[in-house]
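Structure record follows, encoded as structure tokens.
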Amino acid sequence: MRLSSSKHLTLLVLAAIILIAPFGFPSNFYYRIGSLIFVNGLAVTGLVILIGFAGQISLGHAGFAGIGAYACALAPQYLGLHPALAMLLGTALSAAIAWLIGRPILRLQGYYLAVATLGFGILVSMVLANEAPITGGPDGHEVPELGLRKLLETIGLDLSNAQFWYAFTGLFLLAGTWLALNLHDSPSGRALRALHDSEIAARTVGVDVTRYKLSAFVLSAVYASLSGSLLALMNKFITPDAAGFLHSIELVTMTVLGGAGSVPGAVAGAALLTMLPQVLTVLQDYEHMILGLIMMLVMIFMPSGLVPSLSRLLRGRT
Amino acid sequence: MTELLQYVLSGLTVGAVYALVALGFTIIYNASNVVNFAQGEFVMLGGMITFFAWQAGLPLPLAAALAILAAAAVGVALNKLAVERARGAPVVSLIIITIGASIFLRGGAQLVFDKQLHRFPAFSGDEPLVIGGATILPQGLWVVAGAATVFALLYLFFTRTLTGKAILATANNRVAARLVGINTDYMMTLSFALSAAIGALAGVLMTPITLTSYDLGVAYALKGFAAAMLGGMGVPAGALVGGLMLGLIEAITAGYVSSVYKDAVAFIVILAVLFAMPQGLFGRKSTDRV
């Protein structure tokens with residue numbers, strides 16, 4: 001009972017933050033930062049399932065974000081699909097690719113898995129950057145309007161563009177968080193966490209290790225793909241950087257900074273790493289040094305991540 | 001035939017650098033089980049510090065020595081201030097620490113130096129040598145010879161000296177090493193210094209050919225990591241073969257297929273090798289204690 005109540009509490013707090021935060025927003029810019037946090041948070045939640053629950057690392061998940069993003073850019077142009085359908089197509093494509101490559105890749109462990117996923121991510125970003133006649137190359141590609149805001153306007157819900165994306169991406173994040181929290185406590189989630197601790201022990205008690213690892217990989221790819229699609233539709237423009245190595249690293253860093261095994265940690269990590277560069281631009285030249293320093297300090301003093309370490313601290317106090 | 005020889009020569013030159021970076025990964029991994037993603041920054045520091053010391057009037061050999069020492073000091077600091085303090089943290093946390101260190105060093109270099117591309121003169125001029133119709137820069141020979149020397153010296157160090165054997169013992173079993181009186185903390189610090197110095201040397205050797213700038217560390221870290229995994233993490237011979245293979249694959253792909261996809265082919269080969277041999281070419285089969 002305690003677990004499920006803390007699950008509802010997490011969702012409630014997250015929903016409350018998303019609802020209340022705009023009252024403190026002095027300008028539209030803050031809605032945009034909020035939306036970016038939600039978009040990143042969605043991909044990071046997927047990685048919490050893969051890294052935190054199942055214990056499998058990926059340094060190539062931006063590749064799936066790239067597939068989701070370019071599906072929204074290219075499918076409307078070449079297949080005449082509506083952007084919303086393009087997003088679904090991208091999701092299905094990412095899931096299919098994750099399923100196909102996941103079978104051989106997930107036999108690898110630890111750093112070998114890291115380099116294999118890294119290779120996958122780099123392949124995707126290279127194809128996107130080099131097939132310029134189709135994808136627009138390194139200069140990027142424009143993405144059509146989703147059109148949902150106009151639809152809402154006709155039923156009397158008049159939101160500014162920034163407000164609409166804040167709400168829309170916020171809903172996605174809530175749904176993603178809800179799913180991940182439910183998974184955590186379900187039999188499948190327990191199986192995943194069991195294989196995280198010891199694959200051999202999990203196999204011994206009858207967990208189909210291969211199947212569960214693959215499911216976690218596919219699910220996290222779907223999260224990343226949706227996050228990429230949302231980013232593309234929100235910015236109405238996309239470049240191959242979305243699929244790049246640095247974006248993959250950024251996502252993993254968010255996951256681990258927030259607390260790899262913690263679903264609320266995903267949002268915290270995404271928020272920290274999305275806001276930090278905005279705050280640090282004031283310090284201009286020192287931006288990278290401070291960013292690197294914060295990453296090192298958090299990991300040295302809170303090795304299990306911000307949210308788990310802080311909540312342990314709070315529980316110790318009370 | 002001449003064409004192929006040309007690609008092989010340029011592949012070996014680049015591959016020797018990858019092998020040195022991969023060797024740096026290997027040494028630190030063996031001592032601490034950490035994959036140090038800041039390894040590429042040592043290559044950057046080697047080139048950048050040499051250039052600025054040389055520009056300030058120091059003779060080139062002295063500038064290079066200074067750069068290698070400075071990089072080794074940074075390596076020691078990285079171990080003492082960050083990695084050692086996070087002992088026992090999960091592996092992903094350690095990865096993030098070294099990535100943080102790499103971002104920190106890159107930001108620092110951009111601040112202390114600048115954002116320009118730099119080059120200092122090659123050690124023995126820029127007149128290409130002709131071998132069987134193909135050409136190689138004298139600096140390319142320096143790179144290959146430098147890498148060969150480092151590998152030979154390290155082989156002697158690890159097999160013939162007590163300190164070298166103590167590092168290997170630490171790598172094999174930290175607790176057992178401590179029980180027989182080896183100062184494992186010191187061995188770890190030494191490994192970081194050694195690996196940083198090797199990275200910096202690679203940077204010094206390569207700068208006259210590829211130029212250097214504050215942000216080239218990421219690319220080298222990526223290639224060195226890939227080469228180390230291709231050969232099998234933790235095996236020095238694997239670093240050598242993995243690095244040379246990666247360089248050759250890149251050069252031959254760039255020559256015969258397409259230069260924009262040379263990295264792609266390299267990673268496809270790595271994926272194929274890992275599917276067939278999940279521990280890399282030379283990796284030991286690991287068994288888990290239950």
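First residue shown is number 1, and so on along the chain.
Here the Cβ of each residue, glycine as well, is placed from N, Cα and C on the backbone.
Look at TrEMBL and you will find B:6-27 (among others) tagged as transmembrane segment.
What TrEMBL lists as transmembrane segment is B:60-79 (among others).
What TrEMBL lists as transmembrane segment is B:91-109 (among others).
Residues 1-3, 5-6, 8-10, 12-13, 16-17, 19-20, 23, 122-123, 164-165, 167-168, 198, 201-202, 205-206, 208-209, 236, 240 of the same chain lie 6 or more positions beyond the ends of the transmembrane segment (B:129-158) yet place their CB under 8 Å from a CB of it. Under the heading transmembrane segment, TrEMBL lists B:129-158 (among others).
Sequence annotations record features per position, and here TrEMBL assigns transmembrane segment to B:186-205 (among others).
Sequence annotations record features per position, and here TrEMBL assigns transmembrane segment to B:225-252 (among others).
According to TrEMBL, the transmembrane segment annotation covers B:264-282 (among others). Long-range contacts of the transmembrane segment (B:264-282) within the same chain: residues 226, 229-233, 235, 237-238, 241-242, 245-246, 249-250, 253, 257, each at least 6 residues beyond the stretch ends and with a Cβ under 8 Å from a Cβ of the stretch.
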Interface-richest range of B:6-27, B:60-79, B:91-109, B:186-205 toward the transmembrane segment (B:225-252), CB pairs under 8 Å:
B:6-27
Of the listed stretches (B:60-79, B:91-109, B:186-205), which one yields the highest count of Cβ-Cβ distances below 8 Å with the transmembrane segment (B:6-27)?
B:186-205
Using a Cβ cut-off under 8 Å, which residues of the same chain at least 6 positions beyond either end of the transmembrane segment (B:186-205) come close to it?
17, 20-21, 23-25, 27-28, 30-32, 36, 39-50, 64, 67-76, 78-80, 83-84, 139, 142-143, 146-147, 150, 163, 166-167, 170, 177, 212, 220
